[in-house]
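Notes to accompany the following structure.
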Amino acid sequence: MTKSSVLGYPRIGADREWKKALEAFWSGKLEENELHARLQEIRLDHLRKQQAKGIDLIPVNDFSYYDHILDTAVMFGIVPKRFAYTGGAVPLSVYYGIARGTKDAAASEMTKWFNTNYHYIVPELNDASPELTENKPLIAYLEAKEKLGIEGKPVIVGPLTFLKLSKGYDASETDAWIDQLLPLYTQVLQELADAGVQWVQIDEPVLVTKLNDADLQRLNKIYTAFASAVPGLNILLQTYFESVENYNEIISLPVQGIGLDFVHGLEGNLQSIQTSGFPADKVLGAGIIDGRGIWKASLQDKLTLLGTLTSLVTTERLVVQSSCSLLHVPVTTAREAKLAAELKDALAFADEKLDEIVILTKAIRSTDADITAKIKDAEQKLQALQSSGDRNRKAVQEAIASIRVQEPNRSRAFAERHVAQQQKWQLPLFPTTTIGSFPQSTEVRKARQQWRKNELSNEQYSSFIRDQIDSWINIQEEIGIDVLVHGEFERTDMVEFFGEKLAGFAFTQYGWVQSYGSRCVKPPVIFGDVEFVGEMTVEETKYAQSKTDRPVKGMLTGPITIMNWSFVRDDIERETIAYQLAYALRQEVEALEKAGIGMIQVDEPAVREGLPLKENKQANYLDWAVKAFRITTCTVQETTQIHTHMCYCEFHDMIDSIEAMDADVISIETSRSHGELIHSFEENTYELGIGLGVYDIHSPRVPSVEEMSNMIDRALRVLDPKLFWINPDCGLKTRGQEETVASLKNMVDATRIARAKYNATPVLS
Ligand code: GLN
Ligand code: ZN
């Protein structure tokens, strides 16, 4: 009989109980035993929910005290030496030490989980001596069984994925590491089998990336070893986020089931299964409910897809499941009280997805009037949103249709613009600027809160913001910065601020998802056609400009960043959404220019995040991402200087795309990516204005003039001095005023030294 299954359930709880428990423990408000008790309550509650909904294969061990990759490392005793760990059970203090750092030892690095916004802790293998410290999946399995009578499905990160995500070893040592880890994994599996476990889900998301022959051999070795050591245990080898590469090799592995993503890898996986068939002795985990999107599924379409699959796999061997763990979506729509009914009815968060999975499973088992009605109901709800005014803004749709076929070019090429801009602005050599935001003091946050609660009138709030601008315009002039900013005091978040002012966006009350550790984000929802409804930033920018003779940069968040940090509709292409955003932002750029703002920065820190996992899809993404930026910025006069900013991602393999954005100036972070970026300019020339961040804004430490001078010298070895700008790494909103002023003073001093040294025109002021 067809079964229903889930790959993982969100940890955070409908009210972020999980986050609150962790943070209470960290701040000493909760004892360790209380933390264990609270987390157990949350964990069991999640299991109960899945049980009540009727999920057959309920995941266990998907829960975590922080992150599942960290759990895997700790389970195998892989703890960096600096935490003074000497073997055996890993204490909670060490576990959280690795995740968050201690006073004596730095935290392990954290990085993005494939192309999601979840971040995992990178295991450091180095000189670790792996041992099995505790069989976590077994503990989770026994708990579910004893407390709730649930026959759970333990979830484990597979060895190949674990090794590929780890660092601290040389590629030539991969096989030695596999030899060390295999007996430990085997022991875990053996103990699970002895306890009566039926199915284990082993996650190997790396199988959607390109593997070389050596890796394919390793894969074979690993799963052959498992099959011979634990012949009675059913292993479901789980992949997600894309279609698998090497389909034929994967289906030949000696496992009992294979999980494929039929949402994000639909085309490729369907093609593989139709061309090569699916082995008659294996179970197919059909990931058809989107574990990353927030929309209701068209159950009718999903049934059609399941129909195609059941022509290749018998219904006994079919498992209907989510495409990936539900970790990436919020918990439930049930508590959303402020969304328009049309929108709320078209949403499905984790709990609603459980229902969808169960409905589809039942629909395969039998035709039942109740199920048919539910399928029809879903169709009607989706249709209602589809035919709403929000999704049918004719003016936008027409504008996008024509913009799509145009070449978004500036009126003149950079070399000519550069001359015209120099003539207009008369900037000194190495102009100095900042990235946009200044410290959001408690005072600023308090005023915003009061205004939101109507305790401050609009007029009082604007006057408060104007005071902040006044004071920071003065500070910037005193320090001697050349290109000023207004400071972004009116913004909490660079995406939310614009989302609240554009049509097509909605904001949930409880739509939180885990980003890393206890940190959760609540992304805006782009549910309709995006449209410009009125000026968003002109007032503050114009005011700031009225207070100084120096240029003030207008400050916008770019289309791709807004898109990548939101939940977006899935009825149209992301490319179209990006163009809608770009077109709306272009109207703001034009409004700023009309108001006399001659420098406009369009931030794109998240441009890299949307990069597809498959190499053959990356160029297309970068093409339209660049085009969206150009649509936003191409209509200004040649003397209007377009800036952009990027940070905290790997740029070195996308310098060409960055250059193609054709921004007159880019400010780019370098301290985290260390020398890599500078190195990449040795190989690629960059022919537009560029400022490499000369100090890391993530620490309250005030960097010395000398440190910054060194950074400048190093950059000028590979970049053209005539095009070089000097700025911090990123926005300064998380910093305090005192350290910000001190750091910027040092930055301007380092600039003066550089100007003298590079035989500059005299310094302004
Ligand atoms: N302009 C924004 C700021 O300064 C940029 C933030 C970012 O890069 N994430 O805050
Ligand atoms: Zn930044």
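Backbone N, Cα and C define each Cβ position, glycine as well.
Just so you know, TrEMBL annotations never went through curation; they're auto-generated.
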> To which of Glu477, Glu478, Glu604, Glu609 does TrEMBL also attribute binding of 5-methyltetrahydropteroyltri-L-glutamate at the site defined by Arg16, Glu17, Trp18, Lys19, Lys112, Asn117, Arg519, Cys520, Trp565?
Replying inline: Glu609
> So TrEMBL lists His645, Cys647, Cys730 for Zn(2+) 1; which of Glu659, Glu669, Glu707, Glu739 goes with them?
Replying inline: Glu669
> The L-methionine site in TrEMBL includes Ile435, Gly436, Ser437, Glu488. Which of Asp301, Asp345, Asp351, Asp603 is also listed there?
Replying inline: Asp603
> Can you list which of these recorded positions (Lys112, Asp603, Glu669, His698, Cys730) have a Cβ closer than 6 Å to ligand 1?
Replying inline: Asp603, Cys730
> Those binding-site residues, Arg16, Arg519, Trp565, Cys647, Cys730: which ones have a Cβ sitting under 6 Å from ligand 2?
Replying inline: Cys647, Cys730
> Within 10 Å of Gly436 (L-homocysteine binding site), Cα to Cα, which of the recorded positions Trp18, Cys647, Glu669, His698, Cys730 are there?
Replying inline: Cys730
>> Looking at the recorded positions listed here (Ile435, Ser437, Glu488, Glu669, His698), whose Cα lies nearest to that of Arg519 (5-methyltetrahydropteroyltri-L-glutamate binding site)?
In response: His698
>> Over the span of the domain 'Cobalamin-independent methionine synthase MetE C-terminal/archaeal' (430-752), how high is the average pLDDT in this prediction?
In response: 95
> Counting other Cβ atoms within 10 Å of each Cβ, which of the binding-site residues Ile435, Cys647, Cys730 scores lowest?
Replying inline: Cys647
> Whose Cβ lies within 8 Å of the mean position of the Cβ atoms of Ile435, Gly436, Ser437, Glu488, Asp603, the L-methionine site, other than those residues?
Replying inline: Thr434, Val485, Met494, Met555, Gln601, His645, Cys730, Gly731, Lys733
>> Cα-Cα, whole number of Å: His645 (Zn(2+) 1 binding site) versus Trp18 (5-methyltetrahydropteroyltri-L-glutamate binding site)?
In response: 35
> For 5-methyltetrahydropteroyltri-L-glutamate, with binders Arg16, Glu17, Trp18, Lys19, Lys112, Asn117, Arg519, Cys520, Trp565, Glu609, what's the maximum Cα separation in whole Å?
Replying inline: 28
